[in-house]
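Asks: Reproduced below are the annotations present in TrEMBL:
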BINDING   B:19-26, B:44-48, B:65-68, B:125-128  GTP binding site
BINDING   B:30, B:33, B:34  Mg(2+) binding site
DOMAIN    B:12-174  domain 'FeoB-type G'
TRANSMEM  B:298-316  transmembrane segment
TRANSMEM  B:322-346  transmembrane segment
TRANSMEM  B:358-382  transmembrane segment
TRANSMEM  B:402-424  transmembrane segment
TRANSMEM  B:436-462  transmembrane segment
TRANSMEM  B:468-488  transmembrane segment
TRANSMEM  B:526-547  transmembrane segment
TRANSMEM  B:559-576  transmembrane segment
TRANSMEM  B:583-606  transmembrane segment
TRANSMEM  B:618-640  transmembrane segment
TRANSMEM  B:652-672  transmembrane segment
């Protein structure tokens, strides 16, 4: 499911980044790569604030739809 | 990348600082170069490379600070500045500044540089933060795995700097070998084939061929462009179709595979060289706790407004008494010099030049040093603390209604200091549409140069409500910016949406050194402006006020008087049809402080100085209308120059210059005529 659909406080594992070259490039540059754990710190209408390790990143809803995650979390 | 190195003396090195945003690059730059910086560092964002000088033993190092970037992908203009510099290769060593507490993402950029064959030193900065988190990095192992020297530093406390300089000097001639990551047999075979094909062409002798092949396989637009330029479209097509053909057979897109392999390599490096505490769940850190309040759905915007109000109060409450002292100083100095000059028998003309022209004109502007000092201090702290990006996040709600996103708000805040860096800060926006709209509205952010005009008028005419009047002008600027952005969004561009991704760095206490360097630069820049542009214009106005020969100083018959009278009818319906007001606005386009400077010169003849003259010549309503004009009308030439160079277009520059004049005229007209009808302030 897309990252945008998670609720505040939920954690998930990144499976895949979809979308155009620019969007994908920007996301991978910021550390959104498959196998990483993301946590939703804020989801209240506007852009999301997600935690990626120690980084906090504001992510527009459109971009958050390009990050496909598994809410069962990462293995290991 | 030694091939492009220019000839330099043995003791001279050119060193570039590169790395992710928020890795402490600028702090490192300040630490290395101190006050020996050539190009001003505007508070806000580093969007242009800056140079400074560092000395170590017998060596002299030219240090270049590049804008922060996450990769060589370069999605926005500031990142293009960094990428172009790094790929051109005109340097001896790159100091790759890495946030030790955030290794995996930072190493993604390091790996890209190493693959390109860049001679670099991996600088593990913020080592103290990593220690605090219990992260242990085996430097020797990391150095061995990456094949490049590794140095540990804490730039904010000056730790490890000498060692870094020592390593820089010692490693000026690093090996030419580049890092090779194994991309799997499919891609590796293709790389070899592409390298063979590239070898036929001369240009490939100048670059790292393997790296170029990888970039082409990734469909990197810049690499494809370079190839087409060097070998022609038809030969380039041969290589491109080979890649496309293989990719079709493969399971996954090659660029995805390449990214995954890079991260796989990084994960392996980290697994072998870094020990981390095995906490199951990261505890909420202090930044998260602050963010829970500051980015709250309901509290976010009110908190932001309160911060802006606090900055404003800080600038005025602390600045006002200081202004008083400086004013008194100039008054006493002016009077004393005037008498001395007359006593020693200097001609009245020269005496007038010094007292009316220089002291009356430049002095009336210099009085505002404290305000400008404090304002830039506040903006610097806002940026260095990490709050700026939270403000951008919070304002996304408003900005998205205008078709922009929150990041577009940062150039607007920078614009409160000066519109030139405000316009430049739009480089961080990756969509052209967002950039153009942000540039068009940036001059509506009331810059520090307009502040002297407000303060002089408000002090003379609105004594008890002075700060409310000035704050209302700032608000008016923001409201106009919002309205105009909405209009431009509707009429100029349609459809295009951009990607909003923005890092929220952890909150930090600004370093004293960083803040002092910021302020020193700003005051220096202001003094330089006062000594050059403002001084020359004031002299010009004094001359025009004395010509033709024999005319009464600054009278309606002088050249400046005649010129002002010619323009004045345009402003008459706005309540300030005097030639003095008209002349000050026209010359104010050279620099907004000149509005005060001009009035200082032309009213200097009167008794009791500028304030008394304003009181005699403006009603409160006319003054407010005049201030509205000063806030909104055509930006200064420096800003227009920045707009021209950033948009590369005369069209946008002229549109900005003219729409603002029309907007200013109409708004002032409505305020003045409306006030007259209602009988307010007449």
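Keep in mind that glycine also has a Cβ here, set from the backbone N, Cα and C atoms.
Show me how these features fit into the shown structure, please.
Replies: Residue B:48 (GTP binding site) is surrounded by 18 other CB atoms, counting those within 10 A of its CB over all protein chains shown.
Of all the Cβ atoms in the protein chains shown, 22 others lie within 10 Å of the Cβ of residue B:33 (Mg(2+) binding site).
Outside the transmembrane segment (B:322-346), and at least 6 residues removed from its termini, the chain residues within Cβ reach (under 8 Å) are 354-355, 359-360, 363-364, 366-371, 455, 609.
When Cβ-Cβ distances below 8 Å are used as the criterion, the transmembrane segment (B:358-382) is approached by residues 43-44, 307, 311, 314-316, 318-319, 322-323, 326-327, 330, 333-334, 337, 388, 391, 413-414, 416-417, 448, 451-452, 455-456, 510, 514-515, 518-519, 522-523, 526-527, 530-531, 534-535, 538-539, 541-542, 593-594, 596-601, 604, 610 of the same chain, each at least six residues removed from its ends.
Beyond the transmembrane segment (B:402-424), the same-chain residues lying 6 or more positions past its ends with a Cβ under 8 Å from any Cβ of the stretch are 42-45, 47-48, 375-376, 379, 382, 388-389, 391-396, 434, 437-439, 441-443, 445-449, 474, 478, 481-482, 485-486, 489, 493, 498, 500, 502, 522, 635-636, 638-639, 641-643, 646.
Beyond the transmembrane segment (B:468-488), the same-chain residues lying 6 or more positions past its ends with a Cβ under 8 Å from any Cβ of the stretch are 309, 312, 316, 398, 401-404, 412, 416, 436-437, 440-442, 444-446, 451, 454-455, 458, 462, 624, 627-628, 631-632, 659, 663, 667.
Among residues of the same chain six or more beyond the transmembrane segment (B:526-547), those with a C-beta under 8 A of the stretch's C-beta atoms are 349, 352-353, 356-358, 361-362, 365-366, 369, 372, 448, 553-554, 558-561, 563, 583, 587, 590-591, 593-594, 597-598, 600-602.
Under 8 Å from some Cβ of the transmembrane segment (B:583-606) lie the Cβ atoms of residues 355-357, 360-365, 368, 447, 449-450, 452-453, 456, 529-530, 533-534, 537-538, 541-542, 545, 553-554, 560-561, 563-564, 567, 571, 612-614, 616-617, 629-630, 633-638, all in the same chain and six or more residues away from its ends.
Cβ atoms under 8 Å from those of the transmembrane segment (B:618-640) belong to residues 419-420, 423, 442-444, 446, 449-450, 453-454, 457-458, 460-462, 469, 473, 476-477, 480, 571, 574-576, 581, 585, 588-592, 595, 653, 656-658, 660-661, 663-665, 667-668, 671-672, 675-676, 680-682 of the same chain, restricted to positions at least 6 beyond its ends.
Within the chain carrying the transmembrane segment (B:652-672), a Cβ under 8 angstroms from the stretch's Cβ atoms is held by residues 436, 439-440, 443-444, 476, 480, 484, 570, 573-575, 621-622, 624-626, 628-629, 631-635, 640, 643-644, all 6 or more beyond its ends.
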Asks: To the nearest whole angstrom, what is the C-alpha distance linking residue B:67 (GTP binding site) and residue B:30 (Mg(2+) binding site)?
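Replies: Per the Cα atoms, residue B:67 (GTP binding site) and residue B:30 (Mg(2+) binding site) stand 14 Å apart.
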Asks: Note down the number of other Cβ atoms within 10 Å of the Cβ of residue B:19 (GTP binding site), including every protein chain shown.
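Replies: The answer is 27 other Cβ atoms.
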Asks: Looking only at B:22, B:25, B:30, which of these binding-site residues has the biggest number of Cβ atoms within 10 Å around its Cβ?
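Replies: Result for the most crowded candidate: B:25.
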Asks: Per residue, counting other C-beta atoms within 10 angstroms of the C-beta, which of the binding-site residues B:34, B:67 reaches the highest number?
Replies: B:67
Asks: Specify the secondary structure state of residue B:19 (GTP binding site) as given by DSSP, simplified to three classes.
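Replies: The three-state answer is strand.
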Asks: Looking only at Cβ atoms, how many others are within 10 Å of the one on residue B:126 (GTP binding site)?
Replies: 25
Asks: How long is the line from the C-alpha of residue B:25 (GTP binding site) to the C-alpha of residue B:33 (Mg(2+) binding site), rounded to the nearest angstrom?
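Replies: With the alpha carbons as reference points, the distance is 12 Å.
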Asks: Restricting attention to the domain 'FeoB-type G' (B:12-174), give the mean pLDDT.
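Replies: A mean pLDDT of 87 is what the predicted model shows over the domain 'FeoB-type G' (B:12-174).
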Asks: Whole-number Å only: compute the distance from the Cα of residue B:34 (Mg(2+) binding site) to the Cα of residue B:48 (GTP binding site).
Replies: 18
